[in-house]
Amino acid sequence: VHLTAEEKSAVTSLWGKVNVDEVGGEALGRLLVVYPWTQRYFDSFGDLSTPDAVMGNPKVKAHGKKVLNSFSEGLKNLDNLKGTFAKLSELHCDKLHVDPENFKLLGNVLVCVLAHHFGKEFTPQVQAAYQKVVAGVANALAHKYH
């Protein structure tokens, strides 16, 4: 991902304030509610029958945290996202057979959640930088697909 020094600074300074537990669960939960077909990858998560069930599901929250911890690793390696996400790309492609389009959806949902959490601090410039990052991460995760 090609970010200016200003964009990198905006992304990293905001990310330092992110509560990964809270935002991760909310982002994954919203993905599962807004795009219900994504639930098929989470059969083992139990009750996902209503928005409240999804948002309160401890497995959704735990996996959301895991997803954002990986995203944090990506932020530390913006110049090598494909390398950073190579193993996860392989896992999601070969073993889990996740539609790579879902990575883009989750990235966009994450941007919405960050906007919701940070309000005025999430300026259009910050959003533009985050859109570049989530697109880069989605692209890196889709890299191993044939």
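Note: Cβ is positioned from N, Cα and C throughout, glycine not excepted.
In the three-state DSSP scheme, H63 (heme b binding site) falls into the helix class. As annotated by Swiss-Prot, heme b binding site applies to H63, H92.
The domain 'Globin' annotation in Swiss-Prot covers 2-146 and is backed by sequence analysis.
Positions annotated as N-acetylvaline by Swiss-Prot: V1. Annotation note: V1 (N-acetylvaline) sits in a coil segment as assigned by DSSP. Note: V1 (N-acetylvaline) has non-local neighbours L78, D79, L81, K132, V133, A135, G136, i.e. same-chain residues 6+ apart with C-beta under 8 A of its own C-beta.
Residues annotated as phosphothreonine in Swiss-Prot: T12. Taking Cβ-Cβ distances under 8 Å and a sequence separation of 6 or more, the neighbours of T12 (phosphothreonine) in its chain are L75.
According to Swiss-Prot, the feature phosphoserine maps to S44, an assignment based on similarity to another entry. Taking Cβ-Cβ distances under 8 Å and a sequence separation of 6 or more, the neighbours of S44 (phosphoserine) in its chain are K59.
Feature annotation from Swiss-Prot assigns N6-acetyllysine to K59 (among others).
Annotation comment: Swiss-Prot describes K82 (among others) as N6-acetyllysine. In the three-state DSSP reading, K82 (N6-acetyllysine) counts as helix.
Annotation source Swiss-Prot lists S-nitrosocysteine at C93. Of all the Cβ atoms in the protein chains shown, 17 others lie within 10 Å of the Cβ of C93 (S-nitrosocysteine).
Swiss-Prot lists K144 (among others) with the feature N6-acetyllysine.
Around H63 (heme b binding site), the C-beta neighbours below 8 angstroms that are at least 6 residues distant in the chain are G24, L28, F42, F45. Taking the Cα atom of each, C93 (S-nitrosocysteine) and K82 (N6-acetyllysine) are about 14 angstrom apart.
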